[in-house]
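*Asks:* One structure, as structure tokens, below. Some questions next.
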């Protein structure tokens, strides 16, 4: 149960979803491991990939109806199975109260019925509900970041919509003013909407401008207000909300973890000893919490927590639990510093002979030294090392290609200027920029994934409604007919192909749809695609394109706000703490130092032998002793490393506020009798533990923190 | 001298430019009044306006060469005269060290020579130096905000250039990769530069895309890196620098004012009384510092400073000097509150009957009540009141127009939906947005003016090089020939005019140039203009267009950063201090309250009679007594109001940091012997005053604070 609480703290599971009987526990354990997560992910991906093969399919991937319908049914059965496991774990009551799971269930049912209908009729009907498929992917454990992004987007919506209304209000006013020029009100609104995206500027102005030069004032005033003022306001409001939401999210995660630690500590101390957590207890906990961890690492983690040197861990020590569990341990060796010493002169050599062989081989040696020094895992966990490594490898490949002078290596040869990227390491600002980039890459990737999920839904809707509506020489009734023209013009002897190409921007299959949607995202000339499709379907098609514009605007604004926030945060941070970022030792991430003496290790070894005699895991601890013997020292210093996350930065940035939050949190926790004891870990424990063991008393109701 | 120091503090003049002899003082006084400032402004404007009449002129404003050359010479002589006055005030040494003035002098000389050449040859030669004319406008006193903007732009440049290099670096890499597709390296670079602005997307991709669908990956990756990542980074870096510069500027202005107050206080107390500043001294000071201020207002200002009620002002009291000198004083009357009471119900009536007559007349009454209550000056100094007033007036005009049903009123009738703007007052977010807008309007205007100054310089260069190069059916050798086509197509009986219109986007006169530059700023399809001009001139023309893009990008990024900063600042502020913004009394700005008793007024009146018997300025004080007699109260409460500036907000935001700055400032001031006495205003003054009277000892050198 202690382990469960800690896992829940790490996974940000609500405590009221705590499994309450052995069956539920079995289901919880079954549903919380990487195999199950992987299955969830693959099922979600399979369902999304199906749209490559369903009509309208990508030509080379087309499958028969019964094949893809069967595949879909299979995947849906998998999803149903996963949902059943969740139902077992949560129990019926909690299950139907969990909104996301309920939505997923409904979507599953609809998809099931539709898949069966397809299988029976042996033909695909119009299935717009396929746009809901991403929910299966979003719901899986590994997509937690995407879920957070979606939540953040929805939280930013109210202020966004407020400003959007302001924007639309001015648009309507200008549409009324410009009605006589644009003929109809609809035309006026659409033109001004497109003008807001600047896609039809200055063309939309030119006819009026050619008649009266002062007509440009209308357009200039409109753009100044809408594009340069209100659109920026939109960014400002989203940025502001984003900042606030980010901070609140950090706060709630932090407090959730702290409360998990509090509960786990209560359970650990109440059982055997009232004074604190002993190495034995801690080791037992870690063996279940992190089964892959070696005995040595468990021992070192305990040492890292135990800063006071007392025989047991106090609650204060235990609070650092989540900070130390992810560390990778390595004995400190003195020659490790060599690469760092040789590091700075190299920078200057490289400046002088960027592409010559000498510095390249020096770089190669540096990379090899570092890899052998740090070990491959530690080496590649640092963004800067990865950067060095790939630049060097590319440069070597380029050199080899140059030596053999072969054509297929063309792309690698031209990648050689990438060596110049090394120069960016020298300047502090570039270091900051690239550091920020490395740190935020996971988050950026999740934002990109979020965007792709929106793309997917829009692509499905687009394919259902607009597949095969545009083709060469279509849209002759629209104003953009030229862009869709394809003529073999025979002038004398020469045949000139006049191509408008825009017929290529279609929704004929999911890949084309994605490209078309990217073009719509970039916004330039998007109205040509819109008008082409509209002229071949109905006026209502514009709604699709405009909705897409607004949705991507929201997501893009969030992305801009995110980059802005991350970067400004980072700059402020590095302004506040000049040193840590300069320190090359620290720049790879968080480093904990633990010194272990021979006696400590022997004691731990004795303990482990008692606990589980004959276990093979002891060899790692014996290795420590052997190393000591070899080096002749009576103690060894171990360094625990992990890469720095945004959470670490936030911890430093909000240092003062965090203390306030903790104070607030313990004040709130005070009135509840079963938590009031937490602040005095040395006092004897009550018989009633706040989180009853599920195996013992399954009758106890769920315990809610919030 | 005291007055001068205070003026210098307000004007942010450096203290070492302090006039050092009677002649210099006369020149300083001559050069520091509104008449002189106005003359400076008009001269600057006249010089700028000349380009409307010089070849290539706006057709209807064309002037003969000798007319506009003579006008120019006249304006230049005026500028020379202004410079002479400055030379007299500053002295030769300070003058040649002041960079801006020296640049101005050089430009003046060049312009002078050129104007004379034009007058002699009776024809305009190529005068690119006219692009430097805005310096005469920028240097004038009223354009201080523009100067500050320019300085801020230049301060943001180093980090901006760093990121720009990163941008160009990736552009070059992609240009090498795409060379085989774009044929030449120049073509490749130009295409990718245009692609960065998205102006040629997706057209630039389509030929490749039609041959191989996977070629879109190149363009998508390029845009993702350059447009969506590095361009946002650019915004982030500028935003960050901007924030920092803004804070530092506020700090230095604040400390400059404080140091001016310190010095002025030293001079005031050292002369007659060592204890503090008496009403008599203060009144004498104010009579010179603000000659238009009435005796009553001087008295009330003194009372507002004198919060402790002591007979004299201490240095601590005196520190608030700049906060109270701008106040507009008004006795508090009880019925003033009526409009506020009737205010909130009106909001809800207006929601129900937005365009009917009843609420409109109620609004009219409200507006009239408020104007008579607050007085027109106080009323119109609030953005919200102005907003109410204009909405109501427009609505009335609309109603009248509707009643008479006349065509010319068309524009006013359609302005009636503006009444809906009232709804924006109800929602807190809109109030915040509009409040921010009102507060920042002056700053926005100055940023706009800065942009226009850049436009002017680019317009002059454009006119010199590209005037009359594009015309209908030109550019047949370029890829954009279609956009410049003008054909009378006779199909059967009907004559169809096929127009490309782009020949209208030219540099034929300054107004056309401005419109063309605005189109370039909006960026969409800007490459058509660039390619058209390039095909008729040389490849080097592209440099002009690309430089313009980068310059506007800088200015636009600053504008975005400014709006973002102002808004986020405001939101944070209103989150920190919820109440002040909600308080309707306070929302109009800063309010000081002063209670005066009959005895106080009588004493002040007596004092004034002694100082300047028979002065007409006493009537204002006697008015106070009469009001007291009428109302029968023995004391009256006066309210001093002014609108809230960003400086007031900053004061609250940086409250804690300001204390640190002051502490730092006095620590730095400590080692200088002539300032060490400031922290003890009650100690007897030394004989040597830090700022010698210019009339007495003109030999003393300039005193530098920094």
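Each Cβ is built from the backbone N, Cα and C atoms, and glycine gets one as well.
For reference, TrEMBL lists these features for the protein:
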TRANSMEM  B:35-53  transmembrane segment
DOMAIN    B:36-247  domain 'Ion transport'
TRANSMEM  B:157-177  transmembrane segment
TRANSMEM  B:189-209  transmembrane segment
TRANSMEM  B:216-239  transmembrane segment
TRANSMEM  B:343-365  transmembrane segment
DOMAIN    B:350-568  domain 'Ion transport'
TRANSMEM  B:377-402  transmembrane segment
TRANSMEM  B:444-463  transmembrane segment
TRANSMEM  B:543-568  transmembrane segment
REGION    B:665-706  region 'Disordered'
COMPBIAS  B:665-682  compositional bias 'Basic and acidic residues'
COMPBIAS  B:683-693  compositional bias 'Pro residues'
COMPBIAS  B:695-706  compositional bias 'Polar residues'
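Locate each feature and note its surroundings.
*Replies:* Here the transmembrane segment (B:35-53) has Cβ contacts under 8 Å with residues 61-63, 67-68, 71-72, 75-76, 78-79, 82, 85, 130, 133-134, 136-143, 456, 459-460, 463, 509-511 of the same chain, all six or more residues outside its ends.
Within its own chain, the transmembrane segment (B:157-177) is flanked in space by residues 185, 188-189, 192-193, 196, 218, 222, 225-226, 230-231, 233-234, 237-238, 240-241, 550, 554, 557, which lie at least six positions past its ends and keep a Cβ under 8 Å from the stretch.
Panel annotation: around the transmembrane segment (B:189-209), residues 167, 171-172, 174-175, 178, 181-182, 215-216, 218-219, 222-223, 226-227, 231, 523-527, 530, 542, 546, 549 of the same chain, lying at least six beyond its termini, place a Cβ under 8 Å from a Cβ of the stretch.
A Cβ distance under 8 Å defines the sequence-distant neighbours of the transmembrane segment (B:543-568), meaning residues of its chain 6+ beyond its ends; these are 149, 152-153, 156-157, 160, 164, 193, 197, 234-235, 238-239, 242-243, 246, 433, 436, 439-440, 443-444, 447, 450-451, 454, 458, 461-462, 465-466, 517, 520-521, 523, 526, 529-530, 533, 646.
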*Asks:* Limited to the domain 'Ion transport' (B:36-247), I'd like the whole-number average of pLDDT.
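*Replies:* For the domain 'Ion transport' (B:36-247), the model's average pLDDT rounds to 89.
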